[in-house]
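Quick notes on the structure that follows.
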Amino acid sequence: MKTCLYLAVLFSLAGFLKPVKGELKKSLVTLKQDVQKLRERVTDLASRLKNAETTKLDLAERLSKAMKTIENLKSERTVKKRAFTSSQVAFYAALRHSVHAMDPHHAVVFDDVFTSTSPDVYNDVNGMFTAPVSGLYCFSWTNNVDATDYQSTELVLEGKPMAWAYADTKGDQNEDDYGSSSQTILLKVDKGQHVWIRTGAQGKGTLHGEDYTSFSGFLVYQTDDSTSTGD
């Protein structure tokens, strides 16, 4: 009797477990498929990562080559940059700060140098131009004064006045006005001689700065040192 009961229970369990077994088989197959997809995905990501690393190394190498090329071009530009020769002379300087109460025949020092073909051409400490070669030079300067003021200036060669300029606003009633005067001269200068701008005998020794007062010069053509007279 008990045996029959056991058999009945077993048959009943077998009937119940059969569909469960089928579901488990299906789930196992699905799980295997998911695992395979994950493996393929991991393989694909690993391949992409490897390619990205290769690309990164390639880009780094290209960047390094580009930087070297830029440095080489900079070096070549520096080497190829044309240097000024002794026969190429020019400068331009201006008065950065206003000056006051200068005595007559006091050198005007233009302390704001914009252009100079050589540091030895114009001296922004004493205001003197030194001719590197003998030749015909062109010099220009402008002196600027405040409202109701006046000042004369002179261009001198080795201490000898060669040209003059005079700015005057003392008769102007507008206190916002400024006055300027300019002069240009062609001058033979020997090598080593000095040219500069100085205050004249008229005025209070005041010149307006802010680069309104300026001094410039350049070599028109070079002459033989043995034949240049500087007159």
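In case you wondered, yes, glycine gets a Cβ from its N, Cα and C as well.
What TrEMBL says about a protein is an automatic prediction, not a curated fact.
Quick look at what TrEMBL lists:
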- 21-76: coiled coil (COILED)
- 84-226: domain 'C1q' (DOMAIN)
- 1-22: signal peptide (SIGNAL)
Residues in the domain 'C1q' (84-226) grouped by DSSP into helix, strand and remaining coil:
0 helix, 74 strand, 69 coil
Overall pLDDT for the domain 'C1q' (84-226), taken as the rounded mean:
92
